[in-house]
Amino acid sequence: MRSPEHVELVRTDPDLPPVAVIDRRPMTTGKKLVFAAIGLLAAIAWALVAFVRGESVNGAYFVVAAVGTYVIAYRFYARLIEYKVVRPRDDRATPGEQYENGRDFAPTDRRVLFGHHFAAIAGAGPLVGPVLAAQMGYLPGTLWIIIGAVLAGCVQDYLVLWLSTRRRGRSLGQMIRDEMGTIGGAAGLVGVFVIMIIILAVLALVVVNALAESPWGVFSVGMTIPIALFMGVYLRYLRPGRVSEVSVIGVVLLVLAIVAGGWVADTPWGAETFTLEPVTVAWLIVGYGFLASVLPVWLLLAPRDYLSTFMKVGTIVLLAVGVIIAQPAVQAPAVSSFAIEGNGPAFAGSLFPFLFITIACGALSGFHALISSGTSPKLVQKESQLRLIGYGGMLTESFVAIMALVTAISIDQHLYFTMNAPGTLTGGEPGSAADYVNGLGLAGPPVTGEEIQAAADSVGEESIISRTGGAPTLAFGMSQILGSFLGGASLQAFWYHFAIMFEALFILTTVDAGTRVARFMLSDTLGNLGGPLKKFRDPSWRVGAWICSIVVCGLWGAILLMGVTDPLGGINTLFPLFGIANQLLAAMALAVVTVVVVKKGYVRWAWIPAVPLVWDLAVTMTASFQKIFSPEPSLGYWAQHAAFRDARAAGETSFGTAADPAAMDAVIRNTFIQGTLSIVFAVLVLVVALVALWVCVKAVRAGGLPTTEEPDAPSSTFAPSGLVSTDAEKEVAAQWSAYHDEHPDRLSTGTHA
Amino acid sequence: MSVLRRGWYAVTWYVTGVLGESDYQRYVAHLRRVHPDAPVPTVGEYWRERYAALDVDPGARCC
């Protein structure tokens with residue numbers, strides 16, 4: 001071992017080998033050179049991304065800039081957070097070790113846990129947001145995805161994971177209540193619930209937009225249900241526990257379903273049966289969500305989850321390889337006029353704050369705080385591994401977002417806006433869509449209606465006009481990238497539907513699980529109200545489960561239908577609400593983290609969570625303010641509401657994009673609901689932020705306050721911290737193997753027995 | 001050959017770990033070590049119980 005004088009071995013029991021390695025060795029010269037080289041490479045890639053213009057910007061530069069920045073951030077910034085805030089103590093037993101029961105509390109290898117955690121945090125969000133944000137050009141999105149992840153998203157995930165690990169794996173809602181009292185706790189609980197509902201609705205809307213009028217998509221995504229049911233039965237009755245075997249079978253069936261979708265869509269009966277109106281698809285998804293939340297988990301949810309995990313990792317790897325091999329040329333400008341003028345067709349609003357709202361997952365996602373508290377803390381072996389799981393997991397998600405952005409900006413700009421402008425602007429026909437996008441003043445030669453139709457034909461779709469929501473655009477870009485080296489034009493339609501399929505799969509898994517989680521939050525809250533409602537607390541009471549499921553599906557289903565039928569084009573009015581909701585959840589999470597850091601007396605380092613918190617509050621409050629008070633109807637919900645109401649009162653029968661009185665009434669109703677939700681979100685988060693500020697002031701005046709951290713329990717196991725073991729860790733691990741060889745009966749990890 | 005075999009072993013170890021397939025073995029090892037007198041469930045019984053627990057709290061998936 002190199003310079004052992006800087007390595008401290010910690011023991012909790014003189015009879016046991018060391019349980020922790022405190023390594024204070026400076027970096028070797030070789031390592032310093034490697035990091036310097038990585039930093040230099042990343043700087044060159046950043047310079048190319050930022051200053052080179054035109055066709056010569058290569059998609060691979062983005063990958064190099066991102067990965068280089070991640071390596072440096074992980075090595076230096078995450079390490080700073082570890083030293084100054086987290087201060088991991090590996091001689092302290094984690095919840096997994098202390099309460100080990102072999103089930104939910106079970107120390108898990110750090111590399112396996114990383115995969116587990118990543119599969120739980122990554123979904124369709126980092127794929128959809130960057131695609132929409134591409135309307136502002138490539139530079140703002142790239143900067144925010146990378147810098148936002150490094151300074152905000154990863155910090156949130158890492159520190160929430162730390163908080164929950166020190167509190168027996170408690171949930172975010174509980175931690176807010178414990179650290180900030182009942183008012184903050186109540187606002188937090190209601191906030192989490194409402195935010196969950198809106199997130200489910202908007203994600204379902206993305207699926208509706210991808211599947212409506214697409215018989216191929218409807219057939220192949222629909223087939224995932226019988227495939228999952230088959231897998232469930234197989235796992236229960238034929239070969240219990242053979243999870244990877246059944247997952248491989250499921251993935252093969254899934255690929256068959258995608259291929260078969262093409263055949264079915266080509267037959268007249270298939271096209272007739274599976275070409276569905278958006279409203280029909282929406283009702284089907286609501287019905288599906290309800291069924292999935294009341295059927296037993298083993299039958300539908302668990303097998304879908306296995307498929308989703310397999311597809312997630314596989315597709316992300318495929319996309320990364322595709323971008324690196326195909327090296328697509330960037331078609332989007334660095335910064336588009338929509339970023340400055342705020343009149344973009346995919347979503348309204350200027351760069352600040354709406355870029356930071358649109359790209360939530362991939363840069364800063366509050367939803368991760370729900371994942372980071374709860375499951376992963378009960379599985380971690382050592383506190384020092386939290387950096388890999390929390391910070392590292394989020395870096396990986398940020399990388400996925402960069403891939404999605406590269407895919408979107410390498411699509412021809414005219415086609416990009418053909419797909420992402422709402423039908424009221426494009427007119428829905430190739431000719432009118434071509435006229436519309438040619439009038440936008442985009443770079444590159446103008447497009448013709450025939451070319452738009454040819455693009456749709458190339459991916460086996462009837463039309464690609466106004467397929468908003470991000471998923472079809474990403475699928476289109478992916479089909480071009482993958483088709484360019486795998487199968488050429490003949491497989492492009494397959495890749496398009498492959499991409500649609502996996503996005504729908506992720507989202508439907510989120511909808512299943514989210515509906516269930518929201519249902520339990522609801523029944524728990526009702527049960528806590530006491531009186532006759534106490535019965536709701538019993539999770540085995542089926543009637544209560546059904547009532548709560550109906551309420552939850554009804555809530556998100558209503559918002560979904562509102563988005564589907566919105567005369568203004570659902571995605572551009574609802575997606576900002578989704579982003580705001582997600583970022584407000586992040587504000588709550590960062591607020592509780594800041595409170596704990598201040599309470600613990602680390603005031604000097606409170607800026608680490610406070611800077612992203614203040615930034616996030618600035619973004620979300622500005623966005624909420626504009627959505628509530630902007631006099632510009634395309635931006636402000638209430639301005640739109642008033643404009644339509646006045647028109648209705650004046651007896652007009654059509655107004656703006658609403659063609660008849662019923663459509664006008666729909667706009668009046670929708671904007672009222674959206675505007676009200678905006679106000680509710682903003683008020684709830686302001687309450688949490690103010691309570692957090694008040695607790696922080698109290699803590700600073702008192703020179704620190706007690707937190708609800710659990711008392712220490714000594715650890716009696718050892719595990720390495722990082723992805724790769726150091727030489728010192730290998731030596732200690734060898735001591736443990738020798739010890740276990742000598743005392744096979746002491747092969748214990750738990751301390752509770 | 002042994003490199004291939006070790007590689008295959010590593011891949012299956014990782015995949016079964018992430019998907020949760022190896023949780024049964026972990027649970028049995030835990031029981032034998034800490035509660036040697038407790039009855040050991042079969043694979044089928046273990047997964048039934050486990051899915052029943054997930055019915056109550058499936059854990060959120062992110063967007």
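Any Cβ shown, glycine's included, is placed from N, Cα and C.
Taken verbatim from TrEMBL:
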TRANSMEM  A:33-53  transmembrane segment
DOMAIN    A:58-623  domain 'CstA N-terminal'
TRANSMEM  A:59-77  transmembrane segment
TRANSMEM  A:118-138  transmembrane segment
TRANSMEM  A:183-208  transmembrane segment
TRANSMEM  A:246-265  transmembrane segment
TRANSMEM  A:280-301  transmembrane segment
TRANSMEM  A:346-367  transmembrane segment
TRANSMEM  A:388-411  transmembrane segment
TRANSMEM  A:494-511  transmembrane segment
TRANSMEM  A:543-562  transmembrane segment
TRANSMEM  A:574-598  transmembrane segment
TRANSMEM  A:672-697  transmembrane segment
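Here the transmembrane segment (A:280-301) has long-range neighbours at 200, 204-205, 207-208, 211-212, 218, 225, 228-229, 232-233, 235-236, 508-509, 511-513, 515-516, 519, 545-546, 549-550, 552-553, 556-557, 560-561, 564, meaning same-chain residues at least 6 beyond its ends whose C-beta is under 8 angstroms from one of its own.
When each of A:118-138, A:183-208, A:388-411, A:543-562 is scored by its Cβ pairs under 8 Å to the transmembrane segment (A:672-697), the top-ranked stretch turns out to be A:183-208. Under the criterion of 3 or more C-beta pairs below 8 Å, with sequence separation of 6 or more, the transmembrane segment (A:183-208) and the transmembrane segment (A:494-511) qualify as touching. Across A:33-53, A:118-138, A:388-411, A:494-511, the stretch most heavily in contact with the transmembrane segment (A:346-367), judged by Cβ pairs under 8 Å, is A:118-138.
Residues 27, 61-62, 64-65, 67-69, 71-72, 75, 138-139, 142, 334 of the same chain lie 6 or more positions beyond the ends of the transmembrane segment (A:33-53) yet place their CB under 8 Å from a CB of it. Remote same-chain partners of the transmembrane segment (A:118-138), defined as residues 6 or more beyond its termini with a Cβ less than 8 Å from a stretch Cβ, comprise 49, 57, 62, 144-145, 157, 203, 206, 308-309, 312-313, 316, 330, 332-336, 338-339, 344-347, 351, 355, 358-362, 365, 367-368, 371-372, 375-376, 393-394, 396-398, 400-402, 404-405, 407-409, 416-417, 420, 469-471, 473-474, 477, 503, 506-507, 509-510, 571, 575, 579, 582.
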